[in-house]
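Below is one structure; the comments refer to it alone.
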Amino acid sequence: MIIRVAVGSTNPCKIEAVREAFHDMIGNQQQNDMQNDVKVLISSFDAASGVSDQPFGDTETREGARNRAQNALSAAQNQNATTADVISEPFDFAVGLEGGLEKVINPQTNENELYCMAWMTVAGRRNFACPPKNHYHDKSNANFDLFWSYSKTASFLLPPKICELVIEQNMELGHADDQVFDRVNSKHGGGTVGILTKGEIDRKDFYVHALKLCLIPWVRPELYLTNIK
């Protein structure tokens, strides 16, 4: 069995986070129930977020994640329309990930603090349940009925120097991270969380737990996907 996932990013870190979350939450449970191999097939797309390059707050960050999932799904459907190989089968899920910042006033110092977080969006078939039942995996309708799920990572405090660069110089977090820690393209590696935790939590790990939480509706469809009897 193949689970097809469209991801609204070409960032290797995000792609691997999606792969791990789907493998653990859906692939393993499907395999145990069906007693056959399950493969998670990911297609990545450079999907626009539709929000600012450095989102602030839950509303904007969540919107960016949803837009990336929606644009990834649209790109996947366009690909299907022009492709004749096995990838042209309808996708089961579309995923968007968006990192953001939360500005908080420290009540003791009255100074600005920045917290790093990210929102996840998964759009998936209502007829895709785990474990599978009856016709839940019927892909005959390419314009499937979507269920949208959202989750948010934990947040962590950024160092004052990074806060200064972001707030006072309008620098994106990734660029501020590169400057403070003297490295290049940290967004495609362990990320800010990786260097601050000395590798205990890298950027992929930071996303994986939130992505797994975002997949709960398809693991417990009887509680979320109300049109499944």
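All positions are counted from 1 along the displayed chain.
Any Cβ shown, glycine's included, is placed from N, Cα and C.
TrEMBL lists 67-77 with the feature compositional bias 'Low complexity'. Beyond its flanks by at least six residues, the compositional bias 'Low complexity' (67-77) meets 6-9, 43, 45, 47-51, 91, 94-98, 121-123, 142, 148 of its own chain at Cβ-Cβ distances under 8 Å.
Taken from TrEMBL, the feature domain 'Non-canonical purine NTP phosphatase/PRRC1' covers 8-218.
If you look up TrEMBL, you'll see 51-77 marked as region 'Disordered'.
Each residue of the region 'Disordered' (51-77) gets a DSSP state, and the totals for helix, strand and coil are 21 helix, 1 strand, 5 coil.
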